[in-house]
């Protein structure tokens with residue numbers, strides 16, 4: 001994140017005329033320490049993530065002050081403004097992203113390195129929030145192993161810096177009408193969307209903009225109250241007026257109480273930001289507006305330790321999360337307290353070095369244009385390099401990533417879009433389907449595989465099996481391959497019905513394979529409808545003389561299967577020794593669904609059941625690895641080896657014409 005650093009030296013002072021406030025550096029320290037503590041020890045400060053919202057208010061206040069002052073004086077320069085942003089933001093960001101790529105080269109598996117490369121691209125283009133928006137929520141477990149997850153907030157700030165100056169310049173006669181209107185719309189989007197569109201509301205600049213604009217409105221208010229003879233955003237007279245009175249002292253105390261309450265009361269499971277974001281944002285607003293002479297600001301926030309941490313808050317924010325994320329990756333789980341403490345101390349040390357050796361020299365005005373050019377050139381070199389790493393799947397040929405080429409291949413999953421365009425065009429499907437796939441488009445399909453991504457991870461193996469028998473596999477992806485399920489998505493439901501019609505009325509299709517990851521409880525209304533829909537679907541297929549095979553789902557793991565592989569590039573990496581889950585755990589998790597499914601299939605003895613859990617489980621355990629072969633690519637999808645192995649088991653069972661298999 002980029003908390004705009006006020007100048008400690010005369011650099012740009014004539015342009016900005018800002019009075020330095022050490023208490024804002026102290027507030028910045030409070031914010032970054034809250035974030036670091038939350039990430040390292042979340043149970044100690046469960047709402048520490050609200051430190052990001054404090055930074056948003058600070059940035060809006062400082063950048064708003066710069067823009068309002070420059071525009072009012074008629075001396076605002078877009079070139080100078082963005083040049084200062086480059087000198088401020090790029091140095092630490094470049095070194096942190098480069099360090100992540102360097103360490104990831106030796107420590108990350110191909111799919112992880114590919115993901116890191118994508119996040120470097122997002123960071124270089126300041127669109128990380130949009131990249132993450134489409135991947136996983138900020139509070140989800142998978143987010144903990146993304147070393148550049150934290151760049152989402154920097155992206156939102158930079159998007160604000162890119163768009164807001166031009167808008168403010170257009171509305172320079174009455175800027176607060178624009179600011180207030182945008183803030184109200186943004187806050188409404190935030191409150192209205194947080195319950196139904198949690199990820200979008202968290203990452204979207206549209207629903208976060210109001211936090212920055214609160215700071216801008218405060219900057220405007222202080223500017224209006226300043227000494228008319230002064231051109232500073234918060235002149236000395238204003239500061240004395242704000243800071244010396246009893247109400248200002250109480251205001252500062254109230255602000256700090258709100259900040260403390262946010263950090264102690266907020267939880268990851270609450271709908272955030274939403275209304276809850278008012279706690280940290282209003283708290284920060286009260287502290288800043290109280291002025292530098294308010295007792296808490298003067299004594300607590302302006303002490304040397306807090307100011308020192310505030311000075312390095314930007315590089316500290318950039319460094320701390322990659323260190324913690326890589327520690328979790330290398331340790332194959334939550335690192336020990338000792339390792340997390342070391343990571344935090346290392347982040348502090350690296351932040352100070354980055355500030356002292358890189359940031360300070362780069363921010364000096366001497367050779368300013370050359371510095372900006374060099375920094376932009378470095379970013380333009382880093383981005384294409386990351387793009388190549390992404391394009392080539394994280395370079396699985398790196399010598400020290402994993403121990404065998406087979407495992408490297410298993411860790412990269414590239415959907416086979418073979419003949420997808422032909423298939424989509426031929427049958428007129430729209431984009432609601434991820435894809436449809438016809439193995440041999442010049443021939444009519446004879447076998448239909450219908451289901452979600454858990455059917456998809458069987459495609460390669462089943463295609464090879466049926467091709468060897470002179471059959472042509474057709475795979476259509478849909479959420480629930482049953483007719484009559486209440487539509488959660490009208491387009492998907494319509495296309496599911498069309499698929500069923502095609503399957504029922506295409507004479508050449510002799511075999512229909514159904515597979516889904518959904519395990520609906522029959523005790524719920526939706527579950528009862530779904531199982532009735534399954535009955536109806538089976539009844540219609542059998543009436544048309546189709547051979548029907550129902551594929552039961554694989555066990556879901558409660559750990560990342562990559563933890564079972566050795567990271568050869570990191571000597572201290574930990575490898576999970578128990579790469580399995582108890583069979584009793586799996587059976588308990590699916591017991592209600594299994595009983596309901598057994599009851600349905602008992603009504604249709606002609607339907608063959610393939611239990612894909614059986615080949616992976618023995619009497620006691622369900623295994624992620626068989627021998628030295630990794631069966632899974634994530635917690636619930638098979639790897640390439642797992643797919644091939646499962647196809648062999650499928651062939652063996654069908655050739656034996658088993659009409660029922662063990663169903664837990």
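Each Cβ is built from the backbone N, Cα and C atoms, and glycine gets one as well.
Keep in mind that TrEMBL annotations are predicted by a computer and have not been checked by a curator.
Annotated domain 'Acyltransferase 3' per TrEMBL: 23-355, in sequence order.
Residues or ranges marked as transmembrane segment in TrEMBL: 24-41 (among others). Sequence-remote contacts of a segment are chain residues at least 6 beyond its ends whose Cβ falls under 8 Å from one of its Cβ atoms, and for the transmembrane segment (24-41) they are 3, 6, 47-52, 54-55, 58, 61-62, 259, 263, 284, 287-288, 297, 300-303, 305-311, 313, 316-317, 320-321, 324, 337, 340-341, 343-344, 347.
According to TrEMBL, the feature transmembrane segment maps to 47-68 (among others).
With a threshold of 8 Å between CB atoms, the same-chain residues lying at least 6 positions outside the transmembrane segment (89-108) that come near it are 2, 116-117, 120, 123-124, 147-148, 151, 154, 158, 314-315, 318-319, 322, 326, 329-330, 354-355, 358-359, 362, 375-376, 378-379, 382, 385-386, 389, 394, 398, 400-401, 567, 569-570, 573. The transmembrane segment annotation in TrEMBL covers 89-108 (among others).
Within its own chain, the transmembrane segment (149-170) is flanked in space by residues 1-2, 52, 55-56, 59-60, 63, 67-68, 71, 76, 78, 81-82, 85, 89, 93, 119, 122-123, 126-130, 132, 138, 143, 178-179, 182, 203, 205, 208-209, 212, 216, 317-318, 321, 325, which lie at least six positions past its ends and keep a Cβ under 8 Å from the stretch. What TrEMBL lists as transmembrane segment is 149-170 (among others).
Outside the transmembrane segment (177-196), and at least 6 residues removed from its termini, the chain residues within Cβ reach (under 8 Å) are 64, 167-168, 170-171, 202, 204, 206-210, 213-214, 216-217, 220, 271-275, 277. The feature transmembrane segment is assigned by TrEMBL to 177-196 (among others).
Annotation source TrEMBL lists transmembrane segment at 241-266 (among others).
The list of residues near the transmembrane segment (272-289) in space but at least 6 beyond its ends in sequence, with Cβ under 8 angstroms from a Cβ of it, reads 23-24, 27, 31, 49-51, 53-54, 56-58, 61, 190-191, 194-195, 201-202, 207-208, 211, 214-215, 218, 221-222, 242, 251-252, 254-259, 261-263, 265-266, 296-297, 301. Positions annotated as transmembrane segment by TrEMBL: 272-289 (among others).
As annotated by TrEMBL, transmembrane segment applies to 301-319 (among others).
Residues annotated as transmembrane segment in TrEMBL: 339-358 (among others). Sequence-distant neighbours of the transmembrane segment (339-358) (same chain, 6+ residues past either end, Cβ-Cβ under 8 Å): 36, 40-41, 91-92, 95-96, 311-312, 314-316, 318-320, 323-324, 327, 331.
Within the model, the domain 'SGNH' (432-651) shows a mean pLDDT value of 83, rounded to a whole number. Feature annotation from TrEMBL assigns domain 'SGNH' to 432-651.
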